[in-house]
Structure formats: C-alpha cells, structure tokens
Amino acid sequence: MRKIYIFDTTLRDGEQSPGVNLNTKEKLEIAYQLEKLGVDRIEAGFPAASPGDLAAVNAVARAVKNATVIGLSRSREQDIDAAREALKDAQDPCLHLFLATSPIHRKHKLRMEKEQVLETAERAIRYAKQYFSKIEFSPEDAGRTELDFLCQVTDMAIRAGATVVNIPDTVGYMTPAEFGNIFKTLKEQVPGIEKIQLSAHCHDDLGLATANALAAILNGADQIEGTINGIGERAGNTAIEEVAMALATRGDLFGATTTLNLKEIAKTSRLVSKLTGMVVPGNKAIVGANAFAHESGIHQDGMLKEKTTYEIISPETIGLRDSKLVLGKHSGRAAFREKLIDLGYELDDEAVNAAFAKFKDLADKKKNVMDEDIRAMLEEKLTDTPEVYSLETIHVSYGNKSVPSATIRVRMAEGEVKEQSAEGNGSVDAIYNAIDALTAEAVELEDYSIKSVSHGKDALGEVHVVLKQDEVSAQGRGLSTDILEASARAYIDALNRLVEKRKSPGRRDKMSLI
Ligand code: KIV
Ligand code: ZN
C-alpha cells in the first residue's frame, strides 16, 4: 500500500471558518490530539497575520514532537521572516508559501502578468530556502489556472527548491475527473516531478472536496490537505476523517493508506467541534451522530442478522464504544467511573468527583443518563475561559397572549449578584435583553442553534450561539434539560469569551489572504 501523507490545516484553514477564533491554549489542545491521531503535518497558522498568530504558531511548534509543524506565508520576505521566527523551535519545521496563479487572480487581485508571478514565487522560494529545508509551494486557485502555466509554475517551484507542490482548488470549482487530470498531467509533463511530493488541497463549495481529493490520490497525489470535520472557509475543506476512512475501507480500489490511528477519529472530531463551536451535522459522513444509526425496519432486521448487510464501517473503528451500561439516579460512583473509562476520559480523582456531582444533578432531572449526555456534560464548557459573568437564576414568563418576560440573576466578576428583568418578542429574546441590560455589553447575535443531545422528552438541550462585538466574534455553548436555561448559558459563555478576547487583542479576527 502506498502511504498518503495527511496535512492537517484545522488550525489554519479550519480556523478561517466564520465565527471561529481559537486561542493559543485551544490550538495546543487540538495540536496534541492531532498528534495522537497521527497526522503527518500540522499547519498551525499564518504567523505574519498578527503577533498573536505568530505566538500561537510558536507555541504549537514548541509542543509538537511527532509531526512536521507548518506556517503559512505569502510570497513576501516579511511573511517568511515571521514564519522563521514562529517555527524556530520546531523539531521538524516546514514553510508553506503561496501565490495565486489563475487568470482571475492574476488580473484582479495581483495585477501581475504570468512572468511576474513566476519571478515573485521563485524569489520567495529561493529566499526561504536559505532558512528552511522543507518548503511547500501552493499556486493558489490552481484549479482555475491554465494547465500549461501550472506545469511551468510547478517546474519553477521544483528548480527553486520546493519539496512539496500543493494544488489547491481554492474555490471548490473542480470536478473529480478534472482535478485528477491535473495530477496526471503534472506527473507526465513536469521534469523532476518524482523528486517532490504532490499534494491536493480541496474546498467543498460544490460538495466535491473529498471526491476531488480521492481523484488526486488515484492520479498520483502523495499528500492530502484537509481539516477535521471538514471545517473551513465557506463550505469548508476536505474532511480528513472521510479520506482516511475511504482509503481504509476501499484499499482494494486505491491501493493507498494513511498511517492515522483511526480509533482517535471520534475523539478528535468531538474536540474540534467543542473548541470551534462548529456543530457536526447529524448526517455528516463518519463523525455525524447518525452515521451509524439504522432507522428503517428492513435495515434493522438486516443488521441483526449480519452487520455487514448495511454497515461498511464499524463504529469501533473510529473509536466509538458501544457501551450498554445506562446510568440513572441510583448509579454509584464506581459505575460512573467505569463509564468514564469506557467513554475514553482520563480524569483525576478531583475531576471525577466534580463530574459525579454534575451527573447526580442531571440524574435527578433525567431518568436515563445516556453516553451522549455524559459526553455533553463533560464537554459543556468550550474552554476554561474565566467566568466574568455566571448565571445564578433564571425566571421566564410566557403565554401565547401575553408579552414574554424574563428575570435573570447574574454573578459578576467581583462577586456581586445583579438582577434584571426584560421583555422580548419571545422567551429567548426576553432572556437576552435582560442579560444585555445587566452586562451592558453591546453585542449582536449572529447565530443561534439548538439541538437535543440524546432522546426523549427529558433529553438535554444544547444551544450554540455566535455573538459579535466590534468585528470580533465568539461562540458559546449552553447545556440544560431546559432549553431556555441552555439559551441563557450559551449567551453568557459567549460573552465571557468576548471579554477574554478583548483582553488579548494580539490576534486578528479574520485573515486576509492577498
Ligand atoms: O485554498 C487555498 O488556496 C489555500 C492556500 C493558502 C493553500 O488555503
Ligand atoms: Zn484553502
């Protein structure tokens, strides 16, 4: 089996998802988990974007020992110097240089002729080569670049010293046959192509990112770039777990494999979802909540007779344990501890005690506490962001013929408890108006979503919100058996994250790639 290298860009392209902004601690937590997953390369960020980004890449570079750490850079000396600084402590550093090559980008964005593009990229690669032995070059918008020019660019990059040439379908415009043909042509026509690795970087605007990446593999790509859960700019990037599982399941077709530890997929997916606040859709391939659920009678009957009738991947392969032990209010600490181990949580005694207290609270409100409830409960807080505001009590009055109102008590950072009542168009609006009046934070609610964590009328409700304040966005998550309380908790969580961001303004909120 040919090895396909996995280049994870969750911390860079993934972080370009709307509303996502990871701090250094969160980036480190994800980087450690990516190491456990066994990715070969981790793109940690874009150091020239801001001093905060540089510091975050530097922290990841110092922490990661078992993967190449990569910093993104435009084809400019000052960007390369910022990446040098950020990657100086990495065990195995790599610079990722890019410059757009398509006619649209050359004309409207760069205002450069083909010759200038070639010269600019070559100068940057040669400058970087003095400091980096590993350099990846990406002709941005390669998918819409003339194929003969792309061959010329690749030839230049190899001669200038690039060790990987990455082919980005920046706008997700390609179809598998077209994208595969680019790799085939480069392999056939560019001299010295065997000296470097060819990489594929796809976006999902037409829902084809994974299909295009697999077409690239069939036509000789050595590396696939992507993100966990397929998060990223606009419709996102290739989902790494999809490529890994396609290769693992259809080795007969691809003759290629990754060296990922597949059992870490579910855990990595949950961590990325938790820290980015990007909820994984239920029907998402591999990691969606319904990916292994069989609803129809015919399917259930087939599954009972022989699992492979309707199951091509077993949930255990990606680290989902099929635990039969359902906990309830009579379950003791020992059963709870056993469940935690079963679900893959390694907690010290103090953390087990805190989790057990929360579990008891939940079991008082909910008859059967399912695995999903326990996971959600343990992962409720997006981070350990300091609680400037914390919810004390909430009272809501609603009638379909009266104006909804809410009274909220919030504990402020100094310990003082404040109370405020407000009305609104609906109960959630009333709650949010009361919190706004209490905290005097001028925020805009950019997104609100709610889902049920498990089944039944007493299921836990999980609310996600994205709040925006002065061009800075933050997401928040709230969990409760009552959806109004979950709504209040999510809003306050997001407010706390906004306050934290105000205190550390070193990081840009959105990256501008020009
Ligand atoms: O999509 C893209 O073109 C990119 C490049 C920076 C590689 O993310
Ligand atoms: Zn991209």
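The backbone N, Cα and C atoms fix where each Cβ goes, and this holds for glycine too.
No curator has checked TrEMBL annotations; they are predicted automatically.
For the Mn(2+) site, TrEMBL lists HIS201, HIS203, ASN237; matching the candidates ASP13, ASP40, ASP53 against that entry yields ASP13.
Here the binding-site residues are HIS201, HIS203, and the one whose Cβ sees the fewest other Cβ atoms within 10 Å is HIS203. ASN237 (Mn(2+) binding site) carries a strand DSSP state (E or B). ASP13, HIS201 are the binding-site residues among ASP13, HIS201, ASN237 whose C-beta comes within less than 6 Å of an atom of ligand 1, given in sequence order. The helix, strand and coil residue counts that DSSP assigns across the region 'Regulatory domain' (390-514) are 34 helix, 50 strand, 41 coil.
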